[in-house]
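According to TrEMBL, the protein has these features:
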- 2-145: domain 'Glycerol-3-phosphate dehydrogenase NAD-dependent N-terminal' (DOMAIN)
- GLY7, ALA8, GLY9, ALA10, PHE11, GLY12, ALA126, ARG241: NAD(+) binding site (BINDING)
- PHE11, ARG30, LYS94, ALA126, ARG241, VAL261, GLU262: NADPH binding site (BINDING)
- LYS94, ARG241, ASN242: substrate binding site (BINDING)
- LYS94, GLY122, SER124, LYS177, ASP230, SER240, ARG241, ASN242: sn-glycerol 3-phosphate binding site (BINDING)
- 166-301: domain 'Glycerol-3-phosphate dehydrogenase NAD-dependent C-terminal' (DOMAIN)
- LYS177: active site, proton acceptor (ACT_SITE)
Amino acid sequence: MKIAILGAGAFGGALAVALGRERPVTLWGRGLEGRQIARLPGITLPEAVSVTPDLAAIAPADAVLLALPMQALSAFSADHATLLRGKALVACCKGVDLRTGLGPVELLAQLEGGRAPAVLTGPSFAADIARGLPTALTLACTDETLGAQLQHALSTPVLRLYRSTDVIGAELGGALKNIVAIAAGVVIGAGLGDSARAALMTRGYAEMQRFALARGARPETLAGLSGFGDLVLTCTSQLSRNFRFGQALGAATPFDASQTVEGVATAKAVAQIAAKDGIDMPISTMVAALVDGTVTLGAAIQSLLTRPLKQE
Ligand SMILES: NC(=O)C1=CN([C@@H]2O[C@H](COP(=O)(O)OP(=O)(O)OC[C@H]3O[C@@H](n4cnc5c(N)ncnc54)[C@H](OP(=O)(O)O)[C@@H]3O)[C@@H](O)[C@H]2O)C=CC1
Ligand SMILES: O=C(CO)COP(=O)(O)O
């Protein structure tokens, strides 16, 4: 299976490093030249990685990994539908498209004549993958045969892929945990303490399950790497941009706007869907309001703490 990766940011670059240590792989990024990845300081791409700024160069690939920010995926895949047609597409982004309310797999499935798209998601910081540290991810695809082929093609001795057919559960776990990570960052930034963060994570997980199950996800997927696993990682590490963004919000300090923080747009998308479908999502709704500036930090905290007492 010939593999191409689209997007030479942190995650695309890290996947190229990991796979390129084992097999040939093509990495495309706009304006990409040389063997350094701007978002991965100190990392050099292995020799087996062919680097190109020319998208046509990925034409021979059988499998294409799309490591782009979620909000760029819809336009990008539509613009390059002809090139992507017939290939095994693997979404590597975490989020919900704000315009359509769709996840990455659902967006890619809209391309005509395509094979069942897959999603690669789970607890994995690009910096860890690029350093060759052990990582476990979920590869979800409704086509079991293709899923197994991708699992083997994309696993390495230190990058272990677990297979699933629950693409909705896998993509929603990765999308929703970013919202909770922003909220966890707010809790820590505002000085509310580790106990409050644990409570927030637990109630956030309940919220993730409520939303994902309503959309057809399986509970065990949410309890796996792509849900619970990534929630724990992202809510507890300073390496997470979503967590750091929330922390800055909670502490009222500046944050580098050039960073990709997927939870911002996804919180808005999820809050809209939850309101329309009548799903109780207090944390996501509050994060959406907070990032929109329609509620103050004090009011957001107060609103979550004064919800009616209920059974767990
Ligand atoms: N970083 C991580 O640890 C992990 C990230 N992910 C997920 O991977 C996805 C990508 O994130 P990440 O790599 O970290 O983000 P980065 O900000 O590091 O990189 C994003 C890349 O996408 C490119 N890009 C943005 N918009 C477009 C577009 N319209 N057309 C073509 N290329 C575009 C950027 O190019 P340019 O620089 O030219 O703007 C950049 O190379 C996210 O959904 C994230 O949640 C998943 C697991 C781990
Ligand atoms: O998804 C990630 C880890 O699994 C990366 O998290 P951030 O996007 O918050 O940096």
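Don't overthink the numbers, they just go from 1 along the chain as shown.
Each residue, glycine too, has its Cβ placed from N, Cα and C.
TrEMBL feature annotations superimposed on the structure.
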residue	record	contacts (Cβ under 8 Å, 6+ apart)
GLY7	NAD(+) binding site	TRP28, GLY29, LEU66, ALA67, LEU68, CYS92
ALA8	NAD(+) binding site	ALA16, LEU27, TRP28, GLY29, ARG30, LEU32, ILE37, VAL51
PHE11	NAD(+) binding site	ALA67, CYS92, ALA126
GLY12	NAD(+) binding site	ILE5, LEU6, LEU27, GLY29, LEU65, ALA67, LEU68, CYS92
SER124	sn-glycerol 3-phosphate binding site	THR135, ALA136, LEU137, LEU233
ASP230	sn-glycerol 3-phosphate binding site	LYS94, THR121, GLY122, PRO123, GLY173, GLY174, LYS177
SER240	sn-glycerol 3-phosphate binding site	PHE125, ALA181, GLY185, LEU233, THR234
VAL261	NADPH binding site	ASN178, ILE182, ARG241, ASN242, PHE245, PHE255
Residue counts (helix, strand, coil, in that order) that DSSP gives for the domain 'Glycerol-3-phosphate dehydrogenase NAD-dependent N-terminal' (2-145): 41 helix, 33 strand, 70 coil
Three-class DSSP secondary structure - ARG241 (NAD(+) binding site): helix
GLY9, GLY122 as binding-site residues, winner by CB count within 10 A: GLY122
Annotated binding-site residues GLY9, PHE11, GLY12, ARG30, filtered by Cβ under 6 Å to ligand 2: none
Maximum Cα-Cα separation (Å), residues LYS94, GLY122, SER124, LYS177, ASP230, SER240, ARG241, ASN242 listed as binding sn-glycerol 3-phosphate: 15
Per-residue pLDDT averaged over the domain 'Glycerol-3-phosphate dehydrogenase NAD-dependent N-terminal' (2-145), given as an integer: 96
Where the C-beta lies under 6 angstroms from ligand 1, the matching binding-site residues among GLY122, ASP230, SER240, ARG241, ASN242: none
Chain-mates of LYS94, ARG241, ASN242 with C-beta within 8 Å of site centroid, substrate: ASN178, ALA181, THR234, SER240, PHE243, PHE245, THR260, VAL261, GLU262, GLY263
Fewest Cβ neighbours within 10 Å, where candidates are the binding-site residues ARG30, LYS94, LYS177, ARG241: ARG30
For GLU262 (NADPH binding site), the number of other Cβ atoms found within 10 Å of its own Cβ: 24
Cα separation, GLU262 (NADPH binding site) to GLY9 (NAD(+) binding site) (Å, whole number): 14
Spatial separation of GLU262 (NADPH binding site) from ALA10 (NAD(+) binding site) - C-alpha basis, Å: 13
